Every structure is written in C-alpha cells, then in structure tokens.
Amino acid sequence: MEIAISYKPNPLISSSTQLLKRSKSFGLVRFPAKYGLGATRKKQLFRVYASESSSGSSSNSDGGFSWVRLAQSIRLGAERIGEKIGESVKTEIGFDSEEASGRVNEYVARVKDSVHKGHHELTRFKNETVPSFIDWNKWEHWKDIRNWDGKRVAALFIYAFALLLSCQRVYVAIQAPRVERERRELTESFMEALIPEPSPGNIEKFKRNMWRKATPKGLKLKRFIEAPDGTLVHDSSYVGENAWDDDLETTEGSLKKIIGRNARIQTEAKKKLSQDLGVSGEIGDSVGNWRERLATWKEMLEREKLSEQLNSSAAKYVVEFDMKEVEKSLREDVIGRTSETEGTRALWISKRWWRYRPKLPYTYFLQKLDSSEVAAVVFTEDLKRLYVTMKEGFPLEYIVDIPLDPYLFETICNAGVEVDLLQKRQIHYFMKVFIALLPGILILWFIRESAMLLLITSKRFLYKKYNQLFDMAYAENFILPVGDVSETKSMYKEVVLGGDVWDLLDELMIYMGNPMQYYEKDVAFVRGVLLSGPPGTGKTLFARTLAKESGLPFVFASGAEFTDSEKSGAAKINEMFSIARRNAPAFVFVDEIDAIAGRHARKDPRRRATFEALIAQLDGEKEKTGIDRFSLRQAVIFICATNRPDELDLEFVRSGRIDRRLYIGLPDAKQRVQIFGVHSAGKNLAEDIDFGKLVFRTVGFSGADIRNLVNEAAIMSVRKGRSYIYQQDIVDVLDKQLLEGMGVLLTEEEQQKCEQSVSYEKKRLLAVHEAGHIVLAHLFPRFDWHAFSQLLPGGKETAVSVFYPREDMVDQGYTTFGYMKMQMVVAHGGRCAERVVFGDNVTDGGKDDLEKITKIAREMVISPQSARLGLTQLVKKIGMVDLPDNPDGELIKYRWDHPHVMPAEMSVEVSELFTRELTRYIEETEELAMNALRANRHILDLITRELLEKSRITGLEVEEKMKDLSPLMFEDFVKPFQINPDDEELLPHKDRVSYQPVDLRAAPLHRS
C-alpha cells in the first residue's frame, strides 16, 4: 500500500534531498555507507514526494545561519561523542564496537545470501519440480498398473495414508462441536454431582473434614463462650470437640425418625425443619444448579468464618489429647511411609546394633529438621526412640528419645526425611540378616569341604604309596586262621550237604593242592564258583568248610560291605584280590553277590564301578591286574553265594568268569535227621527223642530252621523247669510256630476257658465235621501226613486239621490227577460226616471246604489229564511264560485263579461241557466220601468221641486206633507205575484210551 503526500517545503529548512543524504550518519555507532539504514529496506510502506523551488535553496547558500549547518554540526558532535563512548567502553570492558559492527554486517550478508538462494530454489521448484510432479501424476501413467515401479507403489501408499489422515481430520472437525457439547454436559454433570446441597449437615461434614486435615488425630478442642454475666457456657456445636467421633454423626434416616416421632411439632414445622437439616428426601429440594449452590456455599462459609471470628474473641478453649489415638495414628503413618522404603534403613540399623550412637535432645533434633540436616529417621517398635542419620558431620548417627508429639510425623514429612520402622519381632529381619551372612557361611563351608577333601586325598595317596607295607597287616582281618587236622575233621562232620557238593570240593582241593600241573600245560582252571539256593541251606557253611579243609588263605566279605562302606567298592574289590594274589593260592568268598552283580547294578554309578572292578579281576588280564594269566599269582578261586541267581547280570555269570554253578537245595528227610543230630549234639536229650517221627512236619525246613527248632525246644524245656529236652517239647514248638502263623495261639489256661464257654452241641458238631476229614484222610494209603487236629484253636468256634505233603510228592515238584481227586474226597469229609450223623440238615460251616472243592474241580477240568477236555485250550496266559510255584508249599497250582491267567474263549457247547465235567468230578468225589464214611461209621464215631474228650488228636494216634478197627480202605490214587526189567511179559494194555472223543451237542438250556 502506497500513500502519496504532497507538502510545501519549509523555507527555513534546506532541500529534502540534502537532508536525506546526511540522515544516514545519525547514531552512536558508525556504519559503512553501503549498510546504511536506507539500504536495508526492501519495501517502503510510505513514499513521500516533495517539491521545492530552487530559489529557496539558493537564498541561504551564502554564509550565515543555516539549518543545514546546524544539523551537520549536531551530527558531527554526535559522531564524536559516540566515538569517545566506544573508546571508553573498549578501554573499560574490552568491547570493540567496530569489530561487533563487522560481525553483524557479516551475519546480515549471510542472511541475504541465504534468502537469495532460497528465492532461487523456490523459483526452480515452481518452474521445474511442480510441472514434473503434475506430469508424473497424470491419469495416463496411473491407469497402466502393470508398468508401475516401486516409486509409484510407494506413492500410492502415501496418497492413501494422506487421504485417510485427511478423512480422519475432517471427521474430527465435524465431530468437534458434538464432542465439545458432550464435554460441557459431562462437566456440568460432574459439577452437579460434586457440589452437594448447602445444608447445615453438609456444612458440618465439611468443617469436620477440614478440621481432620488441619489437626492431628486425637486432638480435641472444647470451646466455652463467655455469657453477658461473665460465666463460661460450653458450646457443644463446636467442630473441634467431635470432629474425630464418627459414631456421633447422625444419618439422614435416623434424623427423619427423630423428627417424625416428635408429636409436639406440627406437620408444616416438621417439613421446614427437614428442609433446613437437608433430610427432606425430596428430589425437588435442590437449590438451583451447581453454580448457584457454589455461590450459596461461599456465602454460608463466609458467614461461618465471620461467626467463628466473632465467637473466638469472647471464647476460651480447652485442649484435650487422646494419647492412644495419637500413638495409633503415628504408627499407621510410619508404617504407611515405611512400605515405600522397603525397610532398608531399619535393616541397616539392626545389622549395626553394636555401634555406639550418642543421644541428641529432642529440641536440637527439631532444629536439625528445620535446617534440613537430617537424612533419615528410624522409629523403634514402641515409638519411643528415633535412630537419626545426618546428611553430614560427625557423628552421623544419633539416638533421640521422643515424646508422643502429634505434630512430629508431619514435621518429619515436611522436611523430606526418609522414614523407616525397626520391627524387631518380625522374622523377615532375621531372614534378611541370614541372607546377608549366607555368602560368608558358604565360603566357610567351601573352605571346610576343601580341607576335608584335601585330607581324604592325601590319605588315599599315602595308602596307595605304602600299600605293600600295610597289606599284610590288613590281610589278618581277611584271612581265616588255618586249623589243624582234628579241627578240619570236626568241621567236616558238621556239614550235611547233598548232591555234587563234595565232588566239587574234591576237584577244588586237587587243583589248589598242586596248581603247577595245570600251569605247565597252559590249562586255565576254574575261575569262579557260584553257590545258590534258599536261605539257610549251608552256602556260607560250605565256604567255611572249604577254607578249613584246604588250609589255604581265605579272604571273605559280604556284598553289603561294598555299598555301605566308607571306602569305595572298586577299591575294596581290588584290595581283596591283591591280598589273595600276594598269598596265592587262596580263596576269595563274597556272600550275597547279587548286591554288587545284580541286573540293576549298573544303574547306580557307585555299584557300577564296583561291578566293573570285579569283572576286571575275574578276567585276570595283565593290563588290568599286572599279572600274567598263566602265573602262580593267579591261583585265586572266586566263590560267591546268593539266594537269587536269576537276578545276576549275564556278563557276570558267563563262562570264563563263573565256571561252576552249584545249587544247594533244601535237605531231604534223611538229611534233616542228620542235621538235627548235628545241632542237638551237646544238649541234654531225653530218651523219647525220635526226630524221625517228626521229620514229616519239617518238610521245607532248612538247616538254619532246624537249628532254630532245637534251640526253641531247649528254651521251652527250661521254661517248664525240665533238665532234658523231650519229644513233646519239639512237638509243642512245631505247634506254636504253626498256630502263631495262623494267629490263634493261646496258653493252656486261656484255651480251657474258651472251651468251657462253648456249648456241647457246638463242640459235637465241630468234632463230627473234623472227624470226617480225619477218617477219609487216613483211608487213603498215600495221603498227606496228618500232624494233628484240634477243636476250638485260639478260642475260635472252629476246628483245624494240619496235613503235610509227603516227601516224594515235594521232590517231584508237581501234582497228579489222583492227588487232586484225593484232596476233593477229603474236603467232602466234613459235610458228608454231618449228613451221615445228623441227616440232611447240614450247616454252612463247610463253606471253605466247598470253595476248595470247586477250585480243585476246575483245575481237574482244565488239566491235560482230563478225559474229555484235556486237549482243549480252556485258559490262556497273559504276559508270562512260566507260572511261579504256589506259596506255602502247596502242590496244587491253581492256574484258574492266577491273576495272569484268564479263561479262553469257549463256544456254548464247550462251556456247557465244562460245567458238566465240573459237576461230575464234584459228585463222584462226594459219592466216594459218603460211601467210605457209611462203611466206616464206627471209626467216625470213635474219632468224634476222642475229639470231644481231648479236643486234640494226632495223626499217629489215629493210625494206632484204626489198625484194630478193620477199616475199608480206598485204592491208592497216586501209586506210581513201576516197570520190572526182569519181567518179560508185555506191558498192560487198556482198551479204553485216555482221551475220549468230545461229545458235543447243544445243551437244553442253549437250544433255540
């Protein structure tokens, strides 16, 4: 915008051209001509056009007063003054104005250059970049999508993003009025909900809250106003009196009830009073909007403030402190502040309990707080003492005994001091102390263990270093002393073993007596001998006998010593064989070898090392033992014993390591008699001792069991006050062991009391039932040995008969078809005897007999000896090839009831035939039992009377009584068939084959 102004020149002033030419020299600082004030203006806002006549200028051109000269003089004076001021400034402060002007001019030149370059770039952008950009964005280039390059794809994403952003901004702009309206509405609603009604009750609540914020908890202030007569009147409405009493605050509902129950107040007065108290409950009672309520609040608070000021001038106050509340409030504040610091200060104080801290007076402590010299304070648990830590100075820590000051915590918080609480009774301090001491404890433990390890290592090194020196001293603990000939013979007589034991003993004695005859011919003799068998059969006794017989060194150990000893098992194995080789020829005996050579020994690292050391010693390789295989030093025989040979590792028992296997089984009847003689030697035996009569009751006994039997018989004889051991003592011990296993052992007096409490009819029924079993058992020529029968054993209302299998049946290890049939017949004896004596009114006391009969009948049906179903697969095994033997020495293997055997799939006809065969066996044996008892009724009655009189009868007594009664015996069901080689007659021939063809037909119950 340009404005043209025409004016007439003042005749007192020279021409404007000259004035303008000299005007650029005004100022305190002198600038170069090219950087004058007029040169810096690019665009003038005002243009002034002036015109003057030439006469005006020429009229004053001669000498005399002139305004131009005056202006020039003033300008020159100003320039000189500016130069002097600049020189003085430069002299005083070192500021050079000319240098500063040069720098400013240089900066201005740079700015002009930058502006010029920017103008050039802007022109280039308008003339080149914009047209090329418009050409690049033409539709002809965009519609050919196949020829798009990466720039065009990126530009598409940028355009899309810009479009979305623009849409979002447009949407925000469109929604801005609505959002602003909602914000205002929300603000209005919030303020409406925030500012309550200015009722007296709300005013009272507000005053209480302000009082609680301004004063500590527990402080109560009572006000007394001075009346005109000079007396003090208690003002109960003062807020300081009940500000902390929450229960005094009356709820709106209770106020309504109080006003409503008052009959002296009229209805209108009640409404007005409710409105004044703010409990009217009507929604329309709100005093305007929140702005009006806020104004009302301000007016009411001003009135309350003015009223308080007026009352306070003529009032007196009484201050009361509830010390319990003050302490409780202080504790809550300290605990709340402590939770932020995590108890680090208190932990530091508790760890440095031993440090001396001087006491600081409480007033000095407050001064230190005011001067911000305190860094942290730690309250004790009883809030009576402070541990103060200063920011600087010496000492840094003090102890302050504090009173119960309600303003103390506020003062501490205002000072910005760290607060903590020392809780000595809480366990987490001890845990933190323990964690702090744990590294030191671990270091001490590591040093101790290192010292122990070094000590153990040095001991092992010394042991290996001086092994040769101490071997012989240790060898005395392993090598049994060699006895003379008489001792050897006596030891030989004490050993009662059968089989190939003595043949093996002779073979070993021949080798150990002259091993050179084998070494000269490069013959490797037996390396290891494995003794196996049930416990107590004499395996260890055989090893001792071998040592006694040979008179050679005998190194012995138990398998448990290699796993439970302090020395490693591998070292002990190497030590044993080293001692044996130094004293070769010698024996090495290890009992319970399965402890170190079992199948699972390799799973344990310690047992695996022991096992590998044993294998290396048995192999006898020179690289491992240092001794050639064919050397006299290798004349060592390894003997081991175990009760479980099937549990040994296969690598251990292979040939070359274990070359001989010897099974030492249970002794037979003859050997048991001999063992009884060995163990009863030196004891006082009565003349009636005949162990041969009781040998059938010791089937399955080992040598150790017989030794225990003799010892128990001796103890019983001493208990009875006898000096000799009688036959009855041995019988009593056998009965005691049997009845203890059944849990029915009683003393004689207790047994008599129990028998007297049972009725005669009950005893007679039990006697008849048991006599039936006894009679049928003795009618078979080769039935099990009958030990004894007893009524009411242990006081129970039952009877028991004890039978032992015969020796030949036990030796053969299997049962026969006839044996099972005999067992069924004898099992029928109890119920059949009741039917013979009492008729068909049979009791249910034979439940166990029926179960046994059914089980045996099923075994007979599925037995291969069955005439009709012997070749039919009626059962199948699950997961097992061989079934183990039955426990308790039973000869009948109940395969049907075995958990790993299940019935095979049968057709309807085979199932029916199975049932018929089962029933047939039961009925046939029952018929045999009934016929035998009817034919031998006199024997049945005799045995019944004996049981009623004595309550006990032995098998020998039954045999003696039956000899004179001419019993009708059964045929022998288990008599073996014997062939006489001298008899030239043909073998007996049966027209009826053992296996009849199966008669399969549909049963009536299964026909359709």
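Don't overthink the numbers, they just go from 1 along the chain as shown.
For all residues, glycine too, the Cβ spot is worked out from N, Cα and C.
Among the features that Swiss-Prot reports, active site is placed at Glu770. Here Swiss-Prot flags Gly533, Pro534, Pro535, Gly536, Thr537, Gly538, Lys539, Thr540 as ATP binding site, drawing on sequence analysis. Annotation source Swiss-Prot lists Zn(2+) binding site at His769, His773, Asp849, citing similarity to another entry. Annotation source Swiss-Prot lists transit peptide at 1-49. According to Swiss-Prot, the transmembrane segment annotation covers 154-174, 427-447.
Counted within 10 Å of its Cβ, the other Cβ atoms near His773 (Zn(2+) binding site) come to 26, all protein chains included. Counting other Cβ atoms within 10 Å of each Cβ, the lowest count among the binding-site residues Gly533, Pro534, Pro535, Gly538 belongs to Pro535. Taking the mean position of the Cβ atoms of Gly533, Pro534, Pro535, Gly536, Thr537, Gly538, Lys539, Thr540 as the ATP site, the remaining same-chain residues with a Cβ inside 8 Å of that point are Leu541, Ala641, Asn643, Ile664, Ser702, Gly703, Ala704. With every protein chain in view, the residue among the binding-site residues Thr537, Thr540 whose Cβ has the most Cβ partners within 10 Å turns out to be Thr537. Counting other CB atoms no more than 10 Å from each candidate's CB, the recorded positions Glu770, Asp849 peak at Glu770. A Cα-Cα distance of 39 Å separates Asp849 (Zn(2+) binding site) from Gly538 (ATP binding site). Residue density at His769 (Zn(2+) binding site): 26 other Cβ atoms are found within 10 A of its Cβ, drawing on all protein chains shown. Residues near Lys539 (ATP binding site) in space but far in sequence (CB under 8 A, at least 6 apart, same chain), listed by position: Leu531, Ser532, Gly533, Asp591, Ala641, Ile664. Within 8 A of the CB centroid of the Zn(2+) site residues His769, His773, Asp849, the other residues of that chain are Glu770, Gly772, Ala799, Ser801, Ala827, Gly829, Gly830, Arg831, Ala833, Gly845, Gly846. For the pair Thr540 (ATP binding site) and His773 (Zn(2+) binding site), the Cα-Cα distance reads 43 Å. Reduced to three states, the DSSP call for Gly538 (ATP binding site) is coil. Recorded residues the residue listed as 'active site' and Pro535 (ATP binding site) have their alpha carbons 36 Å apart, per Cα-Cα distance. Rounded to a whole number, the C-alpha distance linking His773 (Zn(2+) binding site) with Pro534 (ATP binding site) is 33 angstrom. In this structure the alpha carbons, written CA, of His769 (Zn(2+) binding site) and Pro534 (ATP binding site) are 38 Å apart.
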